[in-house]
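Q: The structure under discussion is supplied below as structure tokens; questions concerning it will follow.
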């Protein structure tokens with residue numbers, strides 16, 4: 001499907017720039033051009049598609065649905081799935097949290113949403129397809145959804161309401177299901193498209209520099225690091241690799257755009273995919289800035305429990321990946 | 001009558017860009033309005049929104065969760 005991009009890359013590197021096929025520089029440059037074009041196209045498609053889906057499932061509708069319907073345990077899975085189609089900005093996490101709590105949605109269900117939303121987002125999915133292929137992407141998405149669901153159920157079982165900050169407890173006490181007045185915007189797809197389009201361009205503009213730098217670093221590593229280089233340090237049998245990289249990744253904050261292209265090269269050079277996915281989930285799903293924001297609504301103990309449970313689930317899924325992939 | 005414009009946001013980059021676009025539109029079109037930035041989360045939650053930034057004109061939430069274009073803001077303010 002992407003052969004034509006390879007032709008463009010080959011033509012540019014070997015004919016226009018007139019580089020020799022054996023040079024490191026040529027290899028790196030070829031890789032950079034091919035990956036950049038392919039990934040930008042895929043990102044565009046995925047972000048646009050998710051934009052359309054999200055336009056019909058705005059967050060208010062999600063809340064309204066989750067708070068009105070009796071779902072017999074399925075609400076965790078649903079909240080997690082809604083998290084996939086909702087674009088996430090860490091600065092919205094607090095209003096989201098309060099909004100859900102106020103709508104009478106249980107804490108665990110709210111967490112399920114909050115965990116999956118950053119973990120499986122349109123940018124990560126677009127990059128994943130471009131870098132690792134459809135099969136690995138599906139595995140990532142499904143495990144991200146399950147991770148949110150399971151963590152949500154565990155967190156609900158821990159009865160954490162008492163560790164909310166006082167003013168949130170007041171909100172919780174006043175929560176009423178009725179006050180939720182959601183009015184759907186009656187817009188045709190034609191009316192929605194300009195808004196979606198503007199959002200797509202804005203997201204792309206924001207991430208393109210990171211993507212390009214990431215691919216450039218990846219390209220250099222691709223040309224200069226020998227195949228299997230990392231296998232010496234991190235083979236599948238090294239049981240400590242997964243927890244170590246996950247714990248390293250949690251405080252890190254990067255939009256997936258910069259880090260994914262580098263990780264792809266690391267996998268290519270011998271790091272097991274499960275270890276790499278655990279690392280990415282740690283980077284994308286949890287971050288120190290998010291923890292700081294959540295301090296307004298949660299006590300330290302609650303944030304620590306939340307991060308602890310999710311980290312544990314990420315480590316477990318890293319092991320599972322290394323076994324099945 | 002002077003418009004009371006409020007921008008709700010906890011200080012993320014998107015909220016900053018919303019503020020600067022709104023201020024630009026107000027200034028360029030000589031609109032009689034006060035632009036206030038609301039960063040206090042408890043204050044923000046009174047407007048019952050879940051995504052930031054949000055634009056409030058005369059106590060009515062008009063846009064939430066995205067940064068609008070200059071033209072869109074101008075249309076809302078007129």
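Cβ from N, Cα, C; glycine included.
Annotations for this protein, taken from TrEMBL, read as follows:
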type     : residues  : note
DOMAIN   : B:4-77    : domain 'Thioredoxin-like fold'
DISULFID : B:12-B:15 : disulfide bond
ACT_SITE : B:12      : active site, nucleophile
ACT_SITE : B:15      : active site, nucleophile
Q: Would you identify which of the disulfide-bonded residues B:12, B:15 has the most other C-beta atoms lying within 10 angstroms of its C-beta?
A: B:15
Q: How many helix, strand and coil residues does the domain 'Thioredoxin-like fold' (B:4-77) contain under DSSP?
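A: Computed counts for the domain 'Thioredoxin-like fold' (B:4-77) are 29 helix, 20 strand, 25 coil.
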Q: Suppose you look only at the domain 'Thioredoxin-like fold' (B:4-77); what would the mean pLDDT be?
A: 85
